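**Q** I have a structure here, written as structure tokens, and I will follow up with some questions on it.
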């Protein structure tokens, strides 16, 4: 067997071992966090709901109650999920990680993707999306993570994790999504 075939087989085996949750409703933040932490149940819907409710209670500028407040809460939609950045930051901090908002103006070249997994745990993107023939516009959470030396796109909309061939391909992908209006959040180990 040629060396190239061995590398391809090892890469395929690793890709099959990479944890990947698929999209359901608008729970992309839930799926992204579980994909990022490579663990089913690292976070649950009830856990993220509790974080969102605590954030709403702790908000000194909380608004007045309206009939739709039961569904459309400040940090998430009760029925569909659709959690905001505050829930992401609180959830990640609970796990001893820190979120650093990347300045989009700097592009992907300013992100040190070579730093060890002990420093940069992964990347979470918030990308604009259009669905249903462009009738619905929203945003979607996507996790990228380096696992055993290889970077993966763990987007819950994908059928399976997608491995990048090298760091340059990761940077090209990031530059494309940044150009499309994505927000880039670096998840750092403390």
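The backbone N, Cα and C atoms fix where each Cβ goes, glycine too.
Annotations for this protein, taken from TrEMBL, read as follows:
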| type | residues | note |
| --- | --- | --- |
| DOMAIN | 15-190 | domain 'Josephin' |
| ACT_SITE | 28 | active site |
| ACT_SITE | 140 | active site |
| ACT_SITE | 155 | active site |
**Q** What's the CA-CA gap between residue 28 (active site) and residue 140 (active site) in angstrom, rounded?
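**A** The separation of the Cα atoms works out to 6 Å.
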**Q** Please report the Cα separation of residue 140 (active site) and residue 155 (active site) in Å, rounded to an integer.
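**A** Cα of residue 140 (active site) to Cα of residue 155 (active site) measures 9 Å after rounding.
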**Q** For residue 28 (active site), just count the other CB atoms lying within 10 A of its CB, please.
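**A** A count of 27.
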**Q** Roughly where does the domain 'Josephin' (15-190) sit in mean pLDDT, to the nearest integer?
**A** 82
**Q** Does residue 155 (active site) have same-chain partners at least 6 apart in sequence with Cβ under 8 Å from its own Cβ, and which are they?
**A** 140, 142, 143, 162
